[in-house]
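Below is one structure, written out as structure tokens; the observations come after it.
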């Protein structure tokens, strides 16, 4: 069954400020409304295993959603992190932090994990997706160029795979390209069929 038929009476609410998540939902032709922005505490316990952080934060975003869900509502929240040597790398706080982050992942493989929570008024479903990315060793000038010319501030790991750095520096990837963009859309599409 085509997912569109199953969702025809449903309202998907995407609770995300990410333009890339909106773009991917539109590419998959999933009709959605965008939730109004709301505050979420995105801290996590220091002793939490790195691989558990994305689901934990996606669940916090889901639980913080300030409106009750109607019978036909489907709320989608997500969180993406980059992990290098068990260190969780989220979004940079400033350009200096972005440069530091890119230096940290330069020349090494890193994991990009997105946790996704799908919630209705009756149930909660969660899943994650892991992609491994190999970034070649970047020169200081390349990192500075990217940080100055592009918008790394709203991206986990301070880079966008769909931008200049992705075309010129990513040697290979295992897993979903779209997961690295911020939403494993193919997996989300399949998981929505289960709702």
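A Cβ is built for glycine as well, from the same backbone N, Cα and C atoms used for every other residue.
If you look up TrEMBL, you'll see 79 marked as active site, proton acceptor. According to TrEMBL, the feature site 'Important for substrate specificity' maps to 20, 80, 162.
Overlay of TrEMBL annotations on the structure.
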residue	record	contacts (Cβ under 8 Å, 6+ apart)
20	site 'Important for substrate specificity'	160, 162, 181, 182, 183
79	active site, proton acceptor	42, 53, 54, 55, 57, 58, 61, 114, 115
80	site 'Important for substrate specificity'	54, 112, 113, 114, 115, 156, 179, 182, 183
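The DSSP secondary structure for residue 162 (site 'Important for substrate specificity') is coil.
When secondary structure is read from DSSP and collapsed to three states, residue 20 (site 'Important for substrate specificity') falls in the helix class. Over all protein chains present, the Cβ of residue 162 (site 'Important for substrate specificity') has 15 other Cβ atoms lying within 10 Å.
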